[in-house]
Structure formats: structure tokens, C-alpha cells
């Protein structure tokens, strides 16, 4: 009985410390961070067009495409496909994605296609692709937008983020930021 | 230059650089010696006073376990009701509904026992109130429970003969104020300054570049993700756990999260040696665990970076490895690295989907959880390892014809019986659970449950069997990761894994603490030429052999039906 009373009292005290004081301290400090602790957004002309760290669906030809998503980039949820490596239905899906990519990029060989462009990400919200995956789309973008290949290549290079400290982890390209840059590039000069 | 390999090398080193000194610090701190965190004393005294605790009151092993169990029961009751009625409680900006009784049963056990198997999805299944006042709260206290029990076990071998294992409340509170809370503040700040949300703002809506209307789940996640890793809990804020770009926004946060889930398990092992004044035994155990960890780690990395052979056949380039269920900013190498560590230390957070990893990687993940003693969860890892150690003492004793002894105490029939029962418990629960699931799946496919058994599996054939085996193994090991394709939010999985989690948690804590209590009471026998030395490399290897043999005998048949069969079906 004594244990029970102690347990209840200690639980109450710790709830205040761990669930009120601690998170509020962090939330207050978070106000000083880039996104004020609400998540960092990307804006065009003062209007929010997305979250920097969350991928969004790009299906139009004039944009760089991101990775396939098991949740259709619906950021109210998140999930991978959870398909096993030998699942025949899954392998059919992958084959279908390869065909779609080849249809829109007739200049590509199969071995040019990096795996991430035909496989779903873990969260369904992967904001990035590898620099290689951006490069294979350059020619298509240049043709659709009437830009030169050099212009688009330069843009991709500018948006390629190097590994952490140049040494750790993969290089990547944020698809949303790249596409925002692309829209700006395509704007007629005033 | 392979920057992905450099990346895991850096996180491996960082984990040792932080974990080793942390072990020495913990030994001093729990022994009550002077340490730099003594400035927390006023806070602790306040907590003791408000709760009516005398931290200096000694407890024998039975009193200790009674205190531990009573507070755990309070949490079970508290959490169960809040989960069921979250829709009627405040701090629910997204209007999430209350949980069903079976889901609440499963979820509350899951968090109380440090397992964090999640049959709900964070974005739509849990209000901010639940995420903080239940889940994050239990992240702290369940980890502290494990640590406190491990320290009681250490205390039994510190004194020559004693019945006093120390005070549960004292160890428990200090584990929070001197370890978990300060580290959580540091980690949460790193996360929030790298893009993980920490404010209480609810869902946001915007119009994307293409003109689609998109909803975005957010919330004070950084606070919870910090302790979710430090406490080897693993239950994430978002459904996709640390694969989610807001939970794990970049490579730096990825390193932070993987390092923070390893440092306390590593520290606890070394703490044992330093605490009892025999640092050699701590290092020998550390060595055995590290060899075990590397033996699972290296093949996992190699099988993931090798890519999926079925996709290679389609002619696609897999320059970095298999990408299904993985994130570009993390990459296959760091995902494979994480997937092994999270399964050996019972965290169970994921930065890529385990269901989509290669067949052999799945095998190593399963084995990591089945062994559950290579570092293991906060506190409980050492206790699990101790059971193997007692078996090794007993077998070695028989082999060389000496009375089995551990650190000056005779190991007799009663202790060995407890150890043997605990050893048999895991295979029994995992095998019986998986067999029952497979039986229901094949013979009662149309049972009228939230998800019909015939629709449980997301993948056919061997991999489908692995999904069921993985779920039961993860529940028993209190790991909490999953082959998440499994349709597990229905009464069968909620109840069965709930029972497995609670047995798989408390029996492997009660057993070792009881053995330690019983041994500590016995007369101390000074070391002599006839003593079986337990802090030597030879004895370490002996323990390693015991671990391998026990687990191979227990689990090989089941593994052969799942991941091993899948592997061979893919290379033909």
C-alpha cells in the first residue's frame, strides 16, 4: 500500500517535470531555430509552397521528379511500401516504373537509372534524390522548358548538397528547392 | 572515397568516445560518489519530498522488485484510460479518435515495457497529449526502470555478502535526473535546430508547386525523439519513425540518433565492471558483445549495399545499394548499420523499412532480437546477458569438475533453475506465438476481426511467414520494430503481442535480480587456485559459445522457414 501511494505521487511529480517543464523548455528554445520549431517552409513570392524537409508529388513534365511514394506524398501520414525483396507483385511495379521512366526519357539506358527512382522511399515523403537521378532528367527538362542543357545542368550542380562536412553520408538534391529554382530560371527577365 | 562508409565509421567512433566515459561516470554516480552532476541534488530532494521517499532506505531483492512492479502497474492503469479517451481530452489539435480497447491494451503495455511496438500510426492515432503525457513519459520512466534494476543487480556483487540491493526509488530517480533528462535536452536541441518540429502547432495545409493541396502533420516531436533513442524505446512521433524527414531531417541528426541509442547500453556494461571494482569483467563482457554486434553488423551492411538481385536482373543501377524503403539522405549503408544496432539494443526505431530489406538482412535483424543480449536495452541488456553468463558458469563448472561460482558466490540448483527457465522462455513465447499466428492464418482466414487473418500479410510466401515471426520476436524482445507490412491492428495481434511483451519484459528482469539477490546473501568465498575465473577472455569465449549454441538450437528451424528460404529462392 505504501508502495502504491509512493508510486502515484512520484508519477505525478515526474509528469510535471518530464511532460510539462522539459518539452516547454525545448519548444521555447526551438522558437530560435530556422523554422521556429514549426518545420522549415519554402516560399515563392511570400506564399508557402511546401516544407523543405518533406517531399511533394511532381508528376508534370516540366518539373524534376522525386521518388515513388507509397503514400502519394500525403504528409498527413507516412509509410513505406513494406514490400519484400522477392515479392512478385512488387517486382512488377518496379518494372512498370522503369518503363514509364524510359518512355519519358527515351535517351536513357536501363543502367543509367538509379535504383531510388524506381523504388518507394521509407517514409513516402523522401524530399531528396541523388545527383545522378537529377542528371538523367536534365535533357527532358531542357526540352520541355526550352532551356539549354548547360543552364539546367548548372542549376542541378548549384542545388547539389555535398555530404556532411564533405566526408560523411551521401550527396543529395532537394527536389522541391530544385524545382523552385527551375521556375525562377524559366521566368522571363524583366 | 566512400562517404557512406566514412559516415558509419564516424558514428561508430563517436559512440565509443561517448559511451566509455559515460560508463565510468555512471559507476561513480550510482555509488553515490562525488560527480559533476551533483548540482541536481536539490531537484532530487524535492522529488523525494513530494513523493514521500526516503532514498537511503535499503531494500532486499523482494522489496526492490515489489516497488518496481507497483509503479509499473500504476502506469499501466493510468495509460490505458488516457489512450481510450484521448478524443475527450485536451491537446488534440488534429481531432484524433480514442483507441479501441484491444489497441489501448497493446499500446500501453508496449510503452510501459520499453518495447514500443506501434499498432497505431502517430499522425492519425495519437493526440499531442498522449504523445507527451503517455508515450514520452513512459520513454523516460521505462528506461529508468531497466537501469534501476540493473544497478540493483550490480550492487549485489559490489558487497561481499549482503541482502541490501539499494533503494529502487533512488536509482530510478537518479537515472532520470542524472542521465536521461540532461542528455535528452542536448539531443532534443540538436534535433530541433536541424529541422525537427518542437512547437505545439497542429496540422498545416499548403498548395504545392504543382497546385495540389497538401496536409502536413507536425507537433512537438523533437522532445520525444531524443528520449525515444536515449532510452532505447523506439516509438516514434510519426508513422514512418526515423525514416520520416521531420523525425530525422539530415545526416547529422541520423548520426545523433544512432549514437544516442547506443551510448547507455554500452555504458551500462562498463559501469558493471567499474561499479563492482573489477573493471576487467566489464571489458570482457564488452568485448564479447562487440564481437557479436560486429558479426551481425558486417554481413547486414554487405547484403544491403549489394542491392536487390531481382532488381539488378532488370538492368537497373544500384550504385549505393538496395533503395526500397530507404531514404536518399541516409543511404543504404547507414540504414543497414542502424537496422542491426536497433535490433540488438532493443530500440526498434527504424530509419528505413525492415520489411523491404534483403532476406539475409532480415535474418540478422531477427537474430539480434532473439539473442537480445549484445548490449541490449537500457539496463535490461546486462540482465539478459547475465542469464547467459550463469548458464556458462554452470556448464564450465561441470566441464572442469568444479563447483560453479560467480564472483565469490556459489551458483547452486535454485539459481541455475531460474536461469534455465528464463532461457527457455523466449524461444517458447516466440515459437508458440508464431505457430499460433500461422495456424490462425491458414485455418481461420475468415475470422471476423478488424483485419481478416487472410489479409494479414503484405507479402506472399516465405517473406509473409517472416512478417509473423518478426512481430512475435520483436514483442518478446521488447524491441518494437516490425515488418510493418503485417496487418497487426486487430484483436489477435493486439492481445497476443501484448501478452508476449509483458512476459518478455518482467520475467527477464525479475529472474536476474532474484538470482543476484540470492547469490549476494550467500557466504563470500575468497578466490583460490580452484576458482573458475569469470573475468578472463577464455570465459568470455565460453559465454559467447553458449549464446551461439542456445540461440542456434532454439531458432534455426523457424529462421530456415523464413529469411533463409527466401534467400535461397532468390539466388536460383
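From the backbone N, Cα and C atoms, a Cβ is placed for every residue, glycine too.
The transmembrane segment annotation in TrEMBL covers B:6-27 (among others).
According to TrEMBL, the feature transmembrane segment maps to B:64-85 (among others).
As annotated by TrEMBL, transmembrane segment applies to B:133-154 (among others).
Positions annotated as transmembrane segment by TrEMBL: B:175-193 (among others).
Only residues 6 or more beyond the boundaries of the transmembrane segment (B:258-276), in the same chain, are considered here, and those with a CB under 8 A from a CB of the stretch are 11, 14-16, 18-20, 22-28, 30-31, 143, 147, 150-151, 154-155, 157-158, 179, 183, 187, 226, 229-232, 234, 282-283, 285-286, 289, 334, 337-338, 341-342, 345, 347, 349, 351, 375-379, 381-382, 385, 407. The transmembrane segment annotation in TrEMBL covers B:258-276 (among others).
As annotated by TrEMBL, transmembrane segment applies to B:283-301 (among others). Below 8 angstroms of C-beta separation, residues 8, 266, 269-270, 272-273, 333, 336-337, 339-341, 343-344, 360-361, 364-365, 367-368, 371, 373-375, 382, 385, 389, 535-537, 539-541, 543-544, 547 of the same chain, each at least six residues beyond the ends of the transmembrane segment (B:283-301), sit close to that stretch.
Note on the transmembrane segment (B:374-398): residues 114, 143, 145-151, 153, 231-232, 262, 264-266, 268-269, 272, 285, 289, 292-293, 296, 344-347, 368, 404-406, 411, 415-416, 419-420, 422-423, 478, 505, 508-509, 511-513, 515-516, 532, 534, 539, 542-543, 545-547, 550 of its chain, located 6 or more positions outside it, place their CB under 8 angstroms from a CB of the stretch. The annotation transmembrane segment is assigned in TrEMBL to B:374-398 (among others).
Here the transmembrane segment (B:418-441) has long-range neighbours at 370, 372, 387-388, 390-391, 394, 447, 453-454, 456-457, 465, 468-469, 471-473, 475-477, 492-493, 496-497, 500, 503-504, 507-508, 511-512, 514-515, 550, 554-555, 558, meaning same-chain residues at least 6 beyond its ends whose C-beta is under 8 angstroms from one of its own. Feature annotation from TrEMBL assigns transmembrane segment to B:418-441 (among others).
Per TrEMBL, transmembrane segment is recorded for B:491-520 (among others).
With a cut-off of 8 Å between Cβ atoms, the residues of this chain six or more beyond the transmembrane segment (B:541-565) that come close are 285, 288, 291-292, 359-360, 362-363, 366-367, 370-371, 373, 385, 388-389, 391-392, 395-396, 423, 426-427, 430-431, 434, 462-463, 465-466, 469. As annotated by TrEMBL, transmembrane segment applies to B:541-565 (among others).
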